[in-house]
Amino acid sequence: MKAAQFFLYSLLFFASAALSSANIAEFDEYWQKKSKVAQAKAKKAYTPHPEEVTNHFNKAVHSSFEGNSTRRNLRTNKLGQCLATNPIDRCWRCKKNWSANRKDLVKCVKGFGRKTTGGAAGEIYVVTDPSDDSLTDPKFGTLRWGVIQDRPLWIIFGKSMVIRLKQELIINNDKTIDGRGANVQIAGGAQLTVQFVHNVIIHGIHIHDIKPGEGGLIRDSEKHSGIRTRSDGDGISIIGSSNIWIDHVSLARCSDGLIDVILGSTAITISNCHLTEHDDVMLLGASDTYTQDEIMQVTVAFNHFGRGLVQRMPRCRYGFVHVVNNDYTHWIMYAVGGSQHPTIISQGNRYIAPHIEAAKEVTKRDYAEPAEWSKWTWKSQGDLFVSGAFFVESGGPFENKYSKKDLIKAKPGTFVQRLTRFSGALNCKENMEC
């Protein structure tokens, strides 16, 4: 009996170790230290009162539709005026000098990732070379050289380019990848990996047709290279990281997920993205046994879940997920799902059900009987349901948990098409409103 218990414990231990060192073949002293620092940063980034963050976000959305300035920003585009239809975009898009003040973007983030500053404390680094020839000694001018630096950098692109990554691109702390002003495509190669780091912004790029990388020796900082196992082929993989903002990114056709957020990642905002042509779209929490995902807090806002999508928009485990003012125009199986009692607050989204009669339900609970999942807090507030779509709620009244400081609701689902109309990477020109 004791031998059997020991064997089972050993299996669980090694499974947990393998999970916590995702894609790292040799979990050496460098990665062990980096993992501990990342965990400490994540705990610090976690907010014990997530309702206050949702209230702050809702107030910003509400304010963006008030006053004369709003009417100017929502006017028709017949004369070429700038249209900025949600509070994140209103913060920067209609300023002609955005390219001279790129770092002002950090003032615009909302939701759980609102404290993210990326590389704002560092220099601007210009990518001029789309090649990815060396994984251990990347050339100056390449994207890989920029993201592995140990200091903050605001990374921009000197021209439009297609970058085919030979292996996963491992992004270091305090980085912004800012594609505004160029057509930047990460395509046909390996994924972007944000692992055991903090303070990263990815903005204004296209990511598509991503394949698994075979692994091998890859540099992940100025001072360290390590052996990596096979990467999954996600578009963006966020592993054990905090203070992350993904904004105005277009994603399609990746081998695994478009965006995965796993292993205790938290303080994350995914906003203004356009997601298309994919099955498993967005995974928030990868394992039912990884209870550390309890600290996961993610805002999913102003995104367009578009043509060719099947499921997981997102699929959640544990944690707290605020799904607000997104446009769900396509799914085949379901839109929002989960297991292991995540809290999911759906506010002001538009859900357009497919013509498949069995797929009208927005929600899907996995691996739990109704007696169990009926206790999970899944709430729909102000959502718009089209073509027979419906959201199965559960849990007690979430309103009782709200902070009394701000009880302003998100804009209802009828506003969503306007709020998300400029999702995905934008065609920004320098010295012009974007």
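Cβ coordinates come from backbone N, Cα and C, glycine included.
Residues or ranges marked as active site by Swiss-Prot: R312. In the three-state DSSP classification, R312 (active site) falls within coil.
Taken from Swiss-Prot, the feature Ca(2+) binding site applies to D232, D256, D260, supported by similarity to another entry. Within the same chain, residues at least 6 positions away in sequence whose Cβ sits under 8 Å from that of D260 (Ca(2+) binding site) are D232, D234, I236, S237, I238, I239, M282, L283, A286.
Feature annotation from Swiss-Prot assigns N-linked glycosylation site to N68 (among others).
Taken from Swiss-Prot, the feature N-linked glycosylation site covers N97 (among others). Summarising the environment of N97 (N-linked glycosylation site), the number of other Cβ atoms within 10 Å of its Cβ, over all protein chains shown, is 12.
Sequence annotations record features per position, and here Swiss-Prot assigns signal peptide to 1-22 based on sequence analysis.
Look at the Cβ of each of the recorded positions D232, R312 and count the other Cβ atoms within 10 Å; the largest number goes with R312. Annotation note: D260 (Ca(2+) binding site) sits in a strand segment as assigned by DSSP. All protein chains considered, the CB of D256 (Ca(2+) binding site) has 19 other CB atoms within 10 Å. Within 8 Å of the Cβ centroid of the Ca(2+) site, not counting the listed residues D232, D256, D260, the chain contributes Q191, S231, G233, D234, S237, C254, S255, G257, L283.
In three-state terms derived from DSSP, D232 (Ca(2+) binding site) belongs to neither a helical nor a strand segment and is classed as coil. Put simply, N97 (N-linked glycosylation site) is 38 Å from D256 (Ca(2+) binding site) when counted between their Cα atoms.
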